[in-house]
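Colleague: Below is the structure I would like to discuss, written out as structure tokens.
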Protein chains: 2
Amino acid sequence: MPEAYRVAIMGATGAVGTELLELLEERNFPIKDLILLASPRSVGKELMFKGQSINVKAISDANFADIDLVLASAGGGISKEWAPRAAAAGAVVVDNSSAFRMDPSVPLVVPEVNPEAALSHTGIIANPNCTTILMSVALWPLHQCQPIRRIIVATYQSASGAGARAMEEVKQQAQAILQGKEPSTNAFPYPLAFNLFPHNSPLNEHGYCQEEMKMVNETRKIFGVSDLRVSATCVRVPVLRAHSEAINLEFSQPFEVDKALKLLQAAAGVKVVEDWQANYFPMPIEASGQDDVLVGRVRRDLSHECGLELWLSGDQIRKGAALNAVQIAELLISKQALKIKA
Amino acid sequence: MPEAYRVAIMGATGAVGTELLELLEERNFPIKDLILLASPRSVGKELMFKGQSINVKAISDANFADIDLVLASAGGGISKEWAPRAAAAGAVVVDNSSAFRMDPSVPLVVPEVNPEAALSHTGIIANPNCTTILMSVALWPLHQCQPIRRIIVATYQSASGAGARAMEEVKQQAQAILQGKEPSTNAFPYPLAFNLFPHNSPLNEHGYCQEEMKMVNETRKIFGVSDLRVSATCVRVPVLRAHSEAINLEFSQPFEVDKALKLLQAAAGVKVVEDWQANYFPMPIEASGQDDVLVGRVRRDLSHECGLELWLSGDQIRKGAALNAVQIAELLISKQALKIKA
């Protein structure tokens, strides 16, 4: 009988929280006690776990001294306030927000890429941004074989990246447009149904938005290459769930396509989806609900002798958020690095 | 009173044909006689032009000896058959299909880029592919200032690129999905509503699809740079109308963003749309129905000292097809190069 843990989900009622709950059940995570935490307006809600109803409690009512593991997905502000308290009380926090990702003392972990980093935590482990996780999983097997010199990526990000409310908004907008009405906007600044727009996070002085800089800076940290050359264009598209990415890679030497395909086929967390005859490649509707990142259209870059092009789709709520967090916790357990407090 | 021409629209009932009809009226193109041609199944349909109803005739019934200008948009097969006949009968054909684009004896023209090429025609002038036209218009002002060394582009192509029927299909699919039903597919191999997929044109032996190779080869021909390095990833997205493109450019020298913006602001056919504070940039819903290609997010490429990134949206039925064809005809007229036959 393996040891079992007292686990808290912080932000249990959100899109990622809901997925965390499902994954913990599906993967039979060793849980002794599951504590569901959320903001005051969700307190009292009941969520099901393994056939049992669990009451949602306020984060401020949590007793972190009695919790071994916190899976946090309640936004950066909440994490900034509560993750250090939980860590100080001896819990390990796997934090899905951007609050600690670039903190040099906090490991930023994709288990398929840099599992060893997770072991050097001091109470908080950061889960990378969704687009970064998906890209890292797909590129790491290639990077290990031959260091990547430059990445140019354009994203196709689904509504779910902005939460369950945004998914609902896109559906309502589509309904309105089909009925010849004006779509209303709330979660997003512009209508997304039958439209698209560059990612609406704030821009820095160089014109890159936060989402793009996450792809740049987080990939560098995860890969351990502080000067890795990355440029990203992040775009929201009217897809409900799962992100896609068109990725152009530059190496120092030519990278044979067959070799790249073999590496990807053998890589953990990657599923190669390619049928040239049928024009069948990764699509968000097929990536949705899958653990693996779907990768395809691997081809030599016509414009550069040492370039490769590839295309991916991945479920950004699952591998891009909740699953990666659970995998980090499982990794700690497998390395006997998750303690049950007395 | 300017001279007026006998003009035929070949493929008058399609998405581009409809737009051609509108543009000829809107721009008050000097027409003496308008002949609407289409496939047998559309014969007998009536279309309105300047308040008059015109009967659609079969292409095989056209008497090209009495036609000065043919605007052809009925597909490659039809153009291959009929454009040479019309040209042999002395008409000038502006052909919107891909049939003659790469023919060395046929000019491939974007009036803002290579107007002089139009004058060297021998009866047929090719209109480039939609994605190529939009990109060419936006990049030419920069290329003239400093030659572009390499282009990496990822497209976000709307349903209308596959015709009016495809637009209708996406709406029907969205309706089905909103009602919890399975979407049916017909124009496209996979559902496009709330989904996306790499462009479904046939792939060559290097894994690039036809649409991508059009961007490579046509841009080279239009720019007159036979070895211009271009790599494209073309993707269909659930947008009804107007294509968008994320473009990464490499130059030999650094290209100042301010300079690029000034050149774009002054360029014919381009409208710079940028408000960093409001995260307001080109969007397909705003590009739809506009003549100009909307360009924004012009920024220094973080990954390359001589790189620029930019983003565009353009109406691919209008500037990407019908408008460009009409502009080519207007260009011929302005150069006294469109003859009225005896």
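Each Cβ is built from the backbone N, Cα and C atoms, and glycine gets one as well.
So TrEMBL has the following annotated:
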- B:Cys130: active site, acyl-thioester intermediate (ACT_SITE)
- B:His243: active site, proton acceptor (ACT_SITE)
- B:Thr13, B:Gly14, B:Ala15, B:Val16, B:Arg41, B:Ser42, B:Ser160, B:Gly161, B:Gln316: NADP(+) binding site (BINDING)
- B:Arg101: phosphate binding site (BINDING)
- B:Gln157, B:Arg236: substrate binding site (BINDING)
- B:6-121: domain 'Semialdehyde dehydrogenase NAD-binding' (DOMAIN)
Colleague: Using only the Cα atoms of B:Thr13, B:Gly14, B:Ala15, B:Val16, B:Arg41, B:Ser42, B:Ser160, B:Gly161, B:Gln316, which the record gives as binding NADP(+), return the largest interatomic distance in Å, rounded to a whole number.
Modeller: 26
Colleague: Most Cβ neighbours within 10 Å: which of the binding-site residues B:Thr13, B:Gln157, B:Ser160, B:Gln316 is it?
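Modeller: Most Cβ neighbours within 10 Å: B:Gln316.
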Colleague: Could you round the CA separation between B:His243 (active site, proton acceptor) and B:Gln157 (substrate binding site) to a whole angstrom and send it over?
Modeller: 5
Colleague: Using a Cβ cut-off under 8 Å and a sequence separation of 6 or more, which residues in the same chain sit near B:Cys130 (active site, acyl-thioester intermediate)?
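Modeller: Long-range Cβ contacts: B:Gln157, B:Gly161, B:His243, B:Gln316, B:Ile317, B:Gly320, B:Ala321.
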Colleague: Output the one of B:Arg101, B:Arg236 that, of all these binding-site residues, has the highest number of other Cβ atoms within 10 Å of its Cβ.
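Modeller: Of the binding-site residues B:Arg101, B:Arg236, the most buried by Cβ count within 10 Å is B:Arg236.
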Colleague: Given the recorded positions B:Arg41, B:His243, which one's Cβ is surrounded by the fewest other Cβ atoms within 10 Å?
Modeller: B:Arg41
Colleague: Per DSSP, how many helix, strand and coil residues does the domain 'Semialdehyde dehydrogenase NAD-binding' (B:6-121) have?
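Modeller: Per DSSP, the residues of the domain 'Semialdehyde dehydrogenase NAD-binding' (B:6-121) fall into 38 helix, 33 strand, 45 coil.
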Colleague: Does DSSP give B:Gln157 (substrate binding site) helix, strand or coil?
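Modeller: For B:Gln157 (substrate binding site) - judged by DSSP and reduced to three states - the answer is strand.
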Colleague: Might you list, by sequence position, any residue in that chain lying six or more from B:Ala15 (NADP(+) binding site) with a Cβ less than 8 Å away from its Cβ?
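Modeller: Set apart from B:Ala15 (NADP(+) binding site) by at least 6 residues yet with Cβ under 8 Å, we have B:Ser160, B:Gly163, B:Ala164, B:Met167, B:Ile317.
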Colleague: Quick one: what's DSSP say for B:Arg236 (substrate binding site), helix, strand or coil?
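Modeller: Once the DSSP labels are grouped into three classes, B:Arg236 (substrate binding site) ends up as strand.
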Colleague: Give, as a single whole number between 0 and 100, the mean pLDDT over the domain 'Semialdehyde dehydrogenase NAD-binding' (B:6-121).
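Modeller: PLDDT averaged over the stretch: 97.
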Colleague: Helix, strand or coil: which one is the residue listed as 'active site, acyl-thioester intermediate' in, per DSSP?
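Modeller: Reduced to three states, the DSSP call for the residue listed as 'active site, acyl-thioester intermediate' is helix.
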Colleague: How far is it from B:Thr13 (NADP(+) binding site) to the residue listed as 'phosphate binding site', counting Cα to Cα, in Å?
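Modeller: That separation, Cα to Cα, works out to 23 Å.
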